[in-house]
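The structure under discussion appears below in the form of structure tokens.
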Amino acid sequence: MIRKEVDFGGRRLQLETGRMARQADGAVLVSSGDTVVLVTAVGRREMKPGQDFFPLTVNYQEKAYAAGKIPGGFFKREGRPTEKETLTSRLIDRPIRPLFPKGFMNEVQVIATVVSVDRDNDPDILALVGASAALAVSGIPFNGPIGAARVAYIDGKYVLNPSYAQLTTSQLDLVVAGTRQAVLMVESEAQQLSEEIMLEAVMFGHAQFQPVIETIEALAREAGKPRWEWVAPVADEALGVQVREKATPLLQEAYALTEKQARSKRLEDVQQAMAVEFGSDDAGRGDMVRGLLKKIETGIVRGRILDGAPRIDGRDSKTVRPITIEAGVLPRTHGSALFTRGETQALVVATLGTKGDEQIIDALQGESRDRFMLHYNFPPFSTGETGMVGSPKRREIGHGRLAKRAIAAVLPTDSEFPYSLRVVSEVLESNGSSSMATVCGASLALMDAGVPLKAPVAGVAMGLIKEGARFAVLTDILGDEDHLGDMDFKVAGTEQGVTALQMDIKIDGITREIMAQALQQALAGRLHILGLMNGVLSRGRGELSDYAPRIITIQINPDRIRDVIGPGGKVIRALTEETGATIDIQDNGTVTIASVDGEAGAAAKRRIELLTADVQVDTIYDGKVAKIMDFGAFVTILPGRDGLLHISQISNERVSDVHDHLKEGQAVRVKVLEVDRQGKIKLSMKDIPQ
């Protein structure tokens, strides 16, 4: 067993290998405080025949026992991955994927298992570090290691690896990962911070995780397995020359077409023609031809951009595609918008709900509720393809979370706008940057629904082409530019600052200056888009949709909650059935009444106020005789509140039989004489006009 330790943000970070999971190629136990994550890496020694992509799988899983819990449900065991697990799996995948050598297509699986967790820090950083360490000691070809850190911004200062408590007061939650030389991945949400603060946060995190990289390198030197004797496939030079001569002019013609579907069809025709001419019946040779065509395409697109020629669709490097915006496009929804940017289009719908519609999240750290949900759907027809339709894939979950982060910073507080909010983005067309179209559409749909956002939010995706010292930063990238470029850099925010930033870099050598230029170019693009959005809708509509619930909030004495609920829920059930309103009661006495019909909500409010009203001594009430006894009658003066009208208090004259003066159901006016310590009420009809 080999163990290494390093001080990381004021906490001891420990890496251990050789004690657990010894049959995996690489296994590292990462711990900090009471949080422990076991990360394993296993690779296949042989590539599958015909494999033409790198099959890397990353699975992050949280075990309930890690927090001393037993899973819910009938089977009492962990089920499908939670959203948190899916997002963390993507977080690990993104910075390690570019570090495997080109041409390496053997299957690799990384599994990170949270086996113990405290309530102080998120295990995701430990899982990222563990994945890097497990690969570093495994012998699998990997050009790492990487380090990772979380950065907060509190009271004007950067904080490394903040606790959950610190994050509640932070203006920034940023995760950065990279190698010694370069930043490879950034994921963040922010409270409208400037581009300068965001860039400094990235550089701060990169500097702070360098000791972690050194520790992983020390662990690998001492405990690492011999590196695999893997050699990149040898290129067929003669075939390369033949394919290049034949295909280059055809591919140049294809990339001269600015319309995506026409271009895709032409590229497909070229690929089929080259496969027929050079592929023969050898599957390996066919793979080589496809790989050569991909290289030629990459060279054509990148070369044109670096030479200053127009991009694939005819734009220069800083121009945003044409944008059309419509708000209120669906008649019965609470809010909707159709946002179209070039060949990317999103139909975004906002729905207002009550507290009962909030999402309940059962995490290792405890149960919580989320009043804001954003769901992103990417159907196959959006790219002119067929495919499976069903539960969301990892990509859809990741894009939805990015858009949610972008919008969350401008939402009103629960006290300002007591609604739960669900936004759904249906991507109808896609040619790059559909997640940023979702951000723009979500902002518009929420404002169309009457949500008082602090400011409109827009997003833009940036790209980078870099060859040696030459580089070009691209605004509003297309899908092809994303695939063939060196960086995918999404920035969302308001006129005041950044609310979300996501960056994936595929190469080394991205300098601070390049990132600064990309951020400033993104700001210009964002402001342009916001100007167009503001021309359609610049703030929340003054009124809610006719079909949205109206919410009334009142405060009652917590001791009176039982009066509103009634025995077995009888009273509140009757209230909801008779008024049609939805009623939610918190333990602190906050009552939320929701109803599409405003009058129904007002009626429910009046009845709750009567149910919880205190009976006042010497006050006259209009009551109803509930039950007659030999010694008097019980009179209901408020809902659920009966008082005793003694036979001696019915009249100034002597009463021998109560039935001579009162009948059940009779309306009477009574005065409260006394409310004793047990809450019993004494009433009188004497000297009160009936």
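Backbone N, Cα and C atoms are what each Cβ position is placed from, and that goes for glycine too.
As recorded in Swiss-Prot, the features of this protein are as follows:
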type	residues	note
BINDING	D482, D488	Mg(2+) binding site
DOMAIN	549-608	domain 'KH'
DOMAIN	618-686	domain 'S1 motif'
For the binding-site residues D482, D488, the largest set of other C-beta atoms within 10 Å encircles the C-beta of D488
In DSSP terms, the domain 'S1 motif' (618-686) comprises 6 helix, 36 strand, 27 coil
For the domain 'KH' (549-608), the averaged pLDDT of the predicted model is 89
Per DSSP (three-state), D482 (Mg(2+) binding site) is helix
By a three-class reduction of DSSP, D488 (Mg(2+) binding site) is assigned strand
Per DSSP, the domain 'KH' (549-608) contains 32 helix, 16 strand, 12 coil
